[in-house]
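Participant: My questions will all concern the structure given below.
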Amino acid sequence: MEGHGPQKSSPLARDLTRAFNGYHKQTVLLKKNLKETHAFFREMRQNYSNTCASSTLSSDSASLETSQFSCISFPSHEEEFLRNTVGAAPYILVLGQDCAARYQLLNCLLGERLLPLGPQAGHACHGGQGSTCKRRKLCFTHGKQTRLSLALPGQYELVHQLVANCGRWDTVPREDLEILDECEDPAHRQAELEITLHHPMLQEAKVMVVPCPSVQPIEEAIEDCTRSAIPIVLYAVNQDSLSSEQVADLWKVKEILSFPICFVRLPNLSEDSSEPGQRFEKDKSKLQKQLLSHGLLTCPMGNCSCGAPTQMPTPGAKPQSVLGENFERLHRILVPFTRQVLQNQQVEAASLLNGLHCRCLDLFINQAFDMQRDLQITPRRLEYTREKEGELFTSLMAIANRKQEEMKDMIVETLGSMKEQLLEDAANLEFTDIIVTTNGDPVTSKEIKSCIHQIQDLIVVRLNQAVANKLISSVDYLRESFVGTLERCLDSLEKSHIESSVHNITSNHLKQLLNAAYHVEVTFHSGSSVTRLFWEQIKQIIHRITFVNPPAITPEWKRKVAQDAIESLSAAKLARSICSQFRTRLNSSHEAFAASLRQLEERHTGRLERTEDLWLRVRKDHAPRLARLSLESRSLRDVLLHGKPKLGRELGRGQYGVVYLCDNWGGHYPCALKSVVPPDDKHWNDLALEFHYTRTLPKHERLVDLHGSVIDHTYAGGSSIAVLLIMERLHRDLYTGLKAGLSLQERLQIALDVVEGIRFLHNQGLLHRDIKLKNVLLDKQNRAKITDLGFCKPEAMMSGSIVGTPIHMAPELFTGKYDNSVDVYAFGILFWYLCAGSVKLPEAFEKCSSKDQLWNNVKKGARPERLPCFDEECWQLMEACWNGDPSQRPLLGIVEPSLQSMMVRLCCGSEQKSSSLEDSS
């Protein structure tokens, strides 16, 4: 066989070529997405390692900041799967019961009699007279010229004279296929026959025919298919059933490759051509039962008369082994089988990539929330700590100043109430370290002095306890209301800025100062050095008791000593001493606290500057880039599973795209298709983030479902790229509905539906930012759903851009600083239209000749006018919703029950009250 032109292809080969070609086109996109994902992760690691290296942060703080992005990477098992799958080459692996079956199937695949069959092939694989078939492994590859060569797998080509190279041939000579018995060269015996053909299918996939089992075990023969290849495993059956050895070999193949097998029942070449159909009908059930019984087939369904499977696989389902029983219509089962095997690998890779993108993107968004909260709450915490400590200090100083007179009276009162008990306790006091006789004989002066001190100590200790308890109760409420909150706030500030050990010592010292300053009552209870020092001054105030002769130690003497000691105490001096020490401690602790707080604030200022810089990078660069990769991987998965949607008639046009009818896609019917052509990277990124927010939302009956997306690289003849967003199709939009006329009950129900949808978005942390008539769609029952989440973003991801439709835009939108109350404002304007029952512009807006004039008027307070038909409660709700002060707008949790009560009152309670509103529509 010679020639330079491409060989003719059979219908089967052409269909397989198209399947392989489609696989390669999608592989290019998968490779690109994977490469860009790797580059993105690599850049993230480099950026944050450089940031931490150049920062003045300590190692602990740097590692903390870096750890926020440590999970922005491939898990090892996912990376290995993608490396082996993305870009893996399709490889047709031809197995069979014997060489004749394998060769017959190969000829069918290529559409020509390339390998010898029948008498040309020589003796069978298990021939008589003890002969054994020794046919080589065959590898078919693409080349401009047809040639045969012997080569060691993965090594080098052998210099060997082949019969095919000696002249013209149409069928590969049998001598080149076999290993001769007299051949003793091990390299020659192990070599495989490489057949290069200029065949279209071989441009897309290699083909391998396994050798006879006597030449090489099956597990060694298919080893090449385990590395960076997607094997399309075909098994040719030309006998009534499989032998036990063949079943065992098939199980080895399934264990090694983990891919499904397409069993192909071949007609027997020796049979009369008029009988095969009848013979197949008799044999196929036997073969099918055997394959099912051995677990080599899982689905008992066979083929219909056209040769196709009676049951088509579900999109995305794992491919299963199949049996093709009608050889003439083999393409009906082999082509879908091939497509499903190839598609399954790409769907798994795209799904894994998209899962990684979504996980990392959610991490970015969550961290944006955390960083935004940190930027907002840390300055407030510092200010709160400073204010509360100041209030506590002022309150305690006020107590110290005003309590002196109260404390004097308290001490006098305490002494008065305790005097008799103190005198009794003193009379019964048992002295320590002094031996007193029973009759109270006089002792030495030194012992007398010790006895007097012990009596004084008794009085001081009892008085200490009583006065301390009274003082504690007077400031106890301050400890509960100030110190606990201060400590919790301080603890959160410390945890948000974990730095070096020096900072830890400073923080711990700050806590100790707080405890020492404001938990004064602890020192009263404990017998600490502070207590001894504090009450030593009280003992000094007691006048010394003078005596000339040592007295007798009797209960009366003890009572007299105690009496003199109590009378010698000065309540005024005691009160003054207590308050003075209290003030001194307060001042020193207050100054130390203020100094430590200033130090902590300085450290937080530097950290917050870095956090704000990181927050900006996450919002403006990291998240949008990753969202685009996520959109691409998800769109690739969707097009692999469901194909490219067919565009129907145009339904409408908007600022950013065209909406078409789409009859059926991905099992959804009917659908609407929004075609968007992003003009630049910014619009690409915005669209990608919109898609991510919408796709990750749980399904909700008040939001239009987004079914999927497809990126069309052939849009406008390939001159631009369009993103096709496939979504639920509804009956009409609210603008059209109001023009056609809606009853009051329907309009109020629409208002309730819209509020329910907005509340759901807000609960998910999203702002819609473009609530208007055109973005509310109605079904056939006139129930509303919100659509077009093009401006929908989490609050933490907003950059302050001015977006929306001018009439529905809240005044603060023009400043770039706003929150979810902008949706409440927009609902107020929408509710005006619903109550009016028409689409006519309010007078205040109709007079404006330009957007700028409209914006200026809105900022100055221009709002829609009250129409005569408006109910008072409806008008009050509108006014509250479009209040110029965002903080004064009602929460949607209040708006919803208000609307429900209006609906009951106006639609169910009194037909007379609602008649004016009905007339307005």
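Yeah, the Cβs are placed from backbone N, Cα and C, and that goes for glycine too.
According to Swiss-Prot:
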DOMAIN    645-899  domain 'Protein kinase'
BINDING   Leu651, Gly652, Arg653, Gly654, Gln655, Tyr656, Gly657, Val658, Val659, Lys674  ATP binding site
ACT_SITE  Asp770  active site, proton acceptor
Participant: Under 8 Å Cβ-Cβ from Leu651 (ATP binding site), six or more apart in the same chain: what's there?
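Facilitator: Within the chain, Leu651 (ATP binding site) has Cβ neighbours under 8 Å at Val659, Tyr660, Leu661, Ala672.
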Participant: Rounded to a whole angstrom, what is the C-alpha distance between Gly657 (ATP binding site) and the residue listed as 'active site, proton acceptor'?
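Facilitator: Per the Cα atoms, Gly657 (ATP binding site) and the residue listed as 'active site, proton acceptor' stand 16 Å apart.
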Participant: Near Val659 (ATP binding site), how many other Cβ atoms are within 10 Å of its Cβ?
Facilitator: 19
Participant: At the Cα level, what's the spacing in Å between Arg653 (ATP binding site) and the residue listed as 'active site, proton acceptor', rounded?
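Facilitator: One finds 16 Å between the Cα atoms of these residues.
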Participant: What is the number of other Cβ atoms found within 10 Å of the Cβ of Gly657 (ATP binding site)?
Facilitator: 21
Participant: When you tally the Cβ atoms that lie within 10 Å of each candidate's Cβ, which of the recorded positions (Arg653, Asp770) has the highest tally?
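Facilitator: Answer returned by the neighbour count: Asp770.
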